[in-house]
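Take a look at the structure set out below.
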Amino acid sequence: MSQKHVPARASASSAPDQTGADAFQRHGSIRKVLHSLVGNDSLLGKSAKMLDRPKTKFEDETYSEYFREYSIIFEYNTLCDRLIPGLYVIPSANSCLTWYGVMFIRSGPYSGGVFRLTMEIPEDFPNSLPPKVFMDPGLYHPAVHPSTHELNVHDVFPRWSRTANRLWQVLEYTHSIFQQISIKFPLNKDAAELYETNKDEFNKKASECADKCAADTLSSVYHDISDAHFIRFSPFEESVHSSALAALLTSTRNTSMKEQAAAAPQRGDGRPLGLSWVQMGSIKPCSRPETSLGPQPRPVKHKPPSSSS
């Protein structure tokens, strides 16, 4: 009569008798509970190694750098969609953390001025303080420091939120200081006091400042800056710029738009009505007659009459 051999249960504390391919090894981590046949280069082995390996400082910095770069690309694309009037901005060719800008002011006490700005973005953006904005050295304004030329941004954006704040908001605020003068948080106290006590004199100084800054855009000092993306201006030269000007004035699209505008219905003062579906003096939708600039009627498909049986 043969006896059946029942294998003994091995407890966790007892040492196993098996050796070779069926042995298990414990070394204190998830990676070590692998069968001995599983090689170190397997997918499971690599994943387990990554769990064991602590993240190095170099990896954190590399990830942060790429994350910051994509954040700034998103910010710049968003700025391009905002279309702030009179503002031209381009990142530096040497660093995406520096943006160069020029503002053309068309109204207010600084009307006719051309003002440069430089926006410095912190290295830990977007988990950072607000960016710094430095204005044209010749700008006389209550919100601009007379020595450092830094715009007061921190009182408007006391804390920077990566979800609520955007760089275009800083630039839009920078554009607004030329039309809406505020002395709530002045960095140039003399300019703030003059604006509060004698607005006529302030407007005179602001106009002089606008003329000076517009003339300084042609200064040779700016041509010495080595950054390839720095915005430079040069006086109009017939031999250099005439062909580009002619192309702008005689382009097919501009001519077409001018012809369409001339053929469009006019207001009482001679101005065109523009793109509207509402007749002048009426509130009824689609009451305006069809024009070359207005909406085109959709073709109506008439169904053939059904034959009666």
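Keep in mind that glycine also has a Cβ here, set from the backbone N, Cα and C atoms.
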*asked:* Tell me which of 1-21, 127-147, 148-168, 190-210 corresponds to the region 'Disordered' entry in TrEMBL.
replied: 1-21
_Could you give me three numbers for the domain 'UBC core' (67-215), the DSSP helix, strand and coil residue counts?_
52 helix, 26 strand, 71 coil
*Quick one: average pLDDT across the domain 'UBC core' (67-215), no decimals.*
93
